[in-house]
């Protein structure tokens, strides 16, 4: 599987290099004062409205969930992850 991923990465880099070479030849007649798309810095921020896992699991009767730093305790099951102060933890739930 790693070999396949490595070969795919090499193929993509090769294709990108060829595309840049061909676009460089085509752009020789273009005014050098115009910025190219690759020269522009773009920042994209995406924010989604999400329901927290605690709200989803807490809606079921008899479910109690806790954010744990390491692993779930006896009788608890890992049900996802949660973030506390920017640190990702394990979401452990008990029925």
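Using N, Cα and C of the backbone, Cβ positions are placed for all residues, glycine too.
What Swiss-Prot says about this one:
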DISULFID  65-93  disulfide bond
DISULFID  67-82  disulfide bond
DISULFID  72-92  disulfide bond
SIGNAL    1-19  signal peptide
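Cβ neighbours within 10 Å of residue 82 (disulfide bond), excluding its own Cβ and spanning all shown chains: 18. Summary: among the disulfide-bonded residues (65, 67, 93), the fewest other C-beta atoms within 10 A of the C-beta are counted at 67. Neighbour count (other Cβ atoms within 10 Å of the Cβ, all protein chains): 16 for residue 72 (disulfide bond).
Nearest neighbour of residue 72 (disulfide bond) by Cα distance, taken over the disulfide-bonded residues 65, 82, 93: 93. The Cβ of residue 92 (disulfide bond) lies under 8 Å from the Cβ of 65, 66, 67, 68, 72, 73, 76, 77, 78, 79, each of which sits 6+ residues away along the same chain. Here the CA atom of residue 93 (disulfide bond) lies 12 Å from the CA atom of residue 82 (disulfide bond).
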